[in-house]
Amino acid sequence: MLKDLFGKKRKFATVPSETLARVPASTDISKEAGTKEKEVPEGLMNKCPHCGTIHYSKDLEKNLRVCKGCQFHYSMSAPERLQALLDDGVLREEFDANLITANPLGFPGYLEKLEQDMANTNLNEAIITGEGFLGGNRIVIGVMDSRFRMASMGSVVGEKITRAIEQAIERRLPFILFSASGGARMQEGVLSLMQMAKTSAALSRLDRERLLFVSVMTNPTYGGVSASFSSLGDYNIAEPGAMIGFAGRRVIEQTIRQELPKDFQTAEFLLKNGQLDMVVHRKDMRNTLSKLVEMHTSREGVETWQASSPLKSH
């Protein structure tokens, strides 16, 4: 009866100990049996940091680097943005491509970091400026590239923006600037900070000449950039979800000892509170900017605006 309470001991195939002794300890038995691990090439796929959707990198590029799952806008390089925006995908003329940053303060390791970014991005600085066509109209455009020193504004970045504005004035063209920056470049000290005043003064001259300036803020736009030229547009536009502000959320909360809203400093929060004119999806950006430029450059566009404007001259 007792033997009925217990099942029979199951038998398993065994490998003689002398056989195992002949197999080196470092041998992967699964590979010896013919099973091979498949390696995924680096950069083949990308995981959305917001919703976790997996994209093939090529599909993500075709979708203008926007997540198909949650519409999260990935950062774009300056060449990618120019290709997506301009009529021919390239600048008709690039300005000041040979301007290179020096190390005026002798900051340790600064030149080495610049050289590394130059090699990684194939750029000389954190912004590309030039003239191109948008919707058939000539424009002067600047695009910041966050791959280069987080697109921080140093003396060369400020100088290139100022010169681009001066070119817009000389050529009587609209000026469009895409911002993406961590702020002023600390390695250049006060030379970096004074670019805020210099670029703002140049935009004041552009305004006196009654020429259009459209500022497009992308993620992230912070510090001295948000406190100067990026907030001075005739139209201030941002991409969805872009983080825009001066100091970071944590610094502000620690200073005022209050909890901030969850959507604080997002493009949508700023639009709701009157600090932006539009939040425009990347797929609609080219069409939106084309319409704004057309409206402000053609006589037909001006007349259409005057007819629809509630502000009538007396």
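Backbone N, Cα and C atoms are what each Cβ position is placed from, and that goes for glycine too.
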Looking at 48-70, 117-139, 255-277, which stretch does Swiss-Prot describe as zinc finger?
48-70
Centre the Cβ atoms of Cys48, Cys51, Cys67, Cys70, go out 8 Å, and tell me which other residues of that chain have a Cβ in range of the Zn(2+) site.
Pro49, His50, Gly52, Thr53, Lys68, Gly69, Gln71, Phe72
A 10 Å Cβ contact count, applied to the binding-site residues Cys48, Cys67, Cys70: which residue has the minimum?
Cys70
In the zinc finger (48-70), how many residues does DSSP put in helix, strand and coil?
6 helix, 4 strand, 13 coil
